[in-house]
Amino acid sequence: MKISVIGCGYLGAVHAASMAELGHEVVGIDVDAAKIEMLSAGRAPFYEPGLPEILTSARESGRLTFSTDMADAAGAAVHFIAVGTPQKKGEYAADLTYVNGAVDALIPFLAEGDLVVGKSTVPVGTAADLAARVETVGASLAWNPEFLREGFAVQDTISPDRLVYGVAAGEPGQRAKAQLDEIYAKALSEDTPLVVTDYATAELVKVAANAFLATKISFINAMAEIAEVSGADVTQLADAIGHDARIGRRFLNAGVGFGGGCLPKDIRAFSARAEELGRGESVAFLKEVDAINLRRRQRVVDLVIETLGGQPFQKKVAVLGLAFKPDSDDVRDSPALDVAVQLHGRGADVLAYDPEAMANSARLHPQLNFAESVDAALQDADVVVVVTEWKEFRALDPVRVAELTRGKIVVDGRNCLDAVAWRAAGWTYKGMGRP
Ligand SMILES: NC(=O)C1=CN([C@@H]2O[C@H](COP(=O)(O)OP(=O)(O)OC[C@H]3O[C@@H](n4cnc5c(N)ncnc54)[C@H](O)[C@@H]3O)[C@@H](O)[C@H]2O)C=CC1
Ligand SMILES: O=C(O)[C@H]1O[C@H](OP(=O)(O)OP(=O)(O)OC[C@H]2O[C@@H](n3ccc(=O)[nH]c3=O)[C@H](O)[C@@H]2O)[C@H](O)[C@@H](O)[C@@H]1O
């Protein structure tokens, strides 16, 4: 099928390449000319495992092209909207400027019978509004929220764990479902769950999923706070409650908290939308989820300063990790970058290292100093802080690290190091919510 993907960022570039990989003829459209130039040359504009390989194979197949010109979307039967929905400046609500702009720009190129498919994460009610607009030219709309995780984006798109279609009632909805089934035919196995529902439910499924994940993380981080004042170990607590299949161990890793381009802004946008709908109190707990999460960044900063006897000025701090999670170069609302910036602001001599996220960090915070390698960051450090659990950091040998550093203090902001091994090598080990 001929498909367009409007917006080629972390979601759209992966979606476009994956759809070509599934055999469709795809044009990816973005207003960012530099991004389109890179993608057209077969290069990924951000770090995502597996993306370079599928970009290359899709390009060689001739099924994937990119353009800055919306006119190139004309002739596609299905148009995916994958533009950003960031938090509005100074507000909690989502900024829908890009979604509205993309749909307005697309409408002149839609033909009767075309299907516009929303993938961006939007406040409930957006799809119904957009549907009315695309219907003016005889097109229809479906809402197909995306659940991919950065770092696993290709795998999650090509083999999704479930698909949700929000469609219109009656015959147009049935037609939309048939078109989406055809697009995803090769991605669906016999037992991939498929939920076909209305627009509002599809929109809410997405924000509810992210709100639940954020709540799960803040729950365990709240337990970490209690563990810190009672001498308990939150990692053992997580293992023990996680054995209950109703709870499950995943997303119970306490640490510096969640970040990224989605969970933080999605819970805030959800709160704002609920308030607009007169039901702010129903999700008032999300404000607490957010507050717990932000306290954990502060906790890491405080721990580092505490280990330095309250005197961070001119002390060398090796910050290992800047990305919001491993296997990504994304630093949007990254707790790791936030910790580096705060420590720098408090007068510490911060030298940061991340395998993939330094260029993005330097663009946002040029005041920070970056090391060329993990060893260069560790050289003469008074304190080592791990804030993104890259494999390279988890595998560090405490005996070898001690040969590089000046002090032997490590703050493990992700509880990802072997505390016993580091202590055995003579280190003062400080974890999150564990003695
Ligand atoms: N990043 C992720 O892992 C996931 C993101 N989402 C949602 O997907 C949406 C996009 O997120 P990201 O890809 O992370 O954002 P992003 O910021 O990486 O990409 C958005 C892209 O849209 C482009 N754009 C803006 N206006 C445009 C227009 N009028 N026409 C064409 N292109 C335009 C921008 O230049 C940018 O390249 C958001 O709503 C997000 O919440 C959903 C699931 C996963
Ligand atoms: O809407 C989105 O964009 C996506 O948001 C998240 O995916 P992502 O942001 O890529 O990353 P996650 O793996 O969910 O991690 C989010 C943050 O939580 C943190 N985290 C995760 C798990 C955990 O136990 N503890 C914890 O602190 C991570 O370090 C990271 O900062 C969701 O997992 C995806 O399903 C969703 O599609």
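Each residue, glycine too, has its Cβ placed from N, Cα and C.
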Given TrEMBL lists Asp30, Lys35, Thr85, Thr121, Glu150, Lys265 for NAD(+), the same-site residue among Arg299, Arg332, Arg346: Arg332
Candidates Lys88, Lys325, Lys391, the one TrEMBL lists with Phe147, Leu148, Arg149, Glu150, Lys206, Phe251, Leu252, Asn253, Ala254, Gly255, Gly259 as binding substrate: Lys325
Measure the Cβ-based neighbour count of Lys265 (NAD(+) binding site), defined as the other Cβ atoms within 10 Å of its Cβ. 23
Residues near Glu150 (NAD(+) binding site) by Cβ (under 8 Å) yet at least 6 apart in sequence within the same chain, in sequence order, are Tyr10, Glu48, Gly260, Lys325, Asp327, Ser328, Asp330
Minimum Cα separation from Lys35 (NAD(+) binding site), reported as the residue among binding-site residues Phe147, Arg149, Leu252, Ala254, Gly259 that achieves it: Arg149
CA pair Leu252 (substrate binding site) / Cys262 (active site, nucleophile), Å rounded to integer, equals 18
Of the recorded positions listed here (Asp30, Thr121, Cys262, Lys265, Arg332), which is spatially closest to Lys206 (substrate binding site) when Cα positions are compared? Thr121
Same chain, |i - j| six or more, Cβ under 8 Å of Cys262 (active site, nucleophile); the result in sequence order is Thr121, Asn210
Using CB under 6 Å from any atom of ligand 2, narrow the binding-site residues Asp30, Lys35, Gly259, Arg332 to the ones that qualify. Gly259
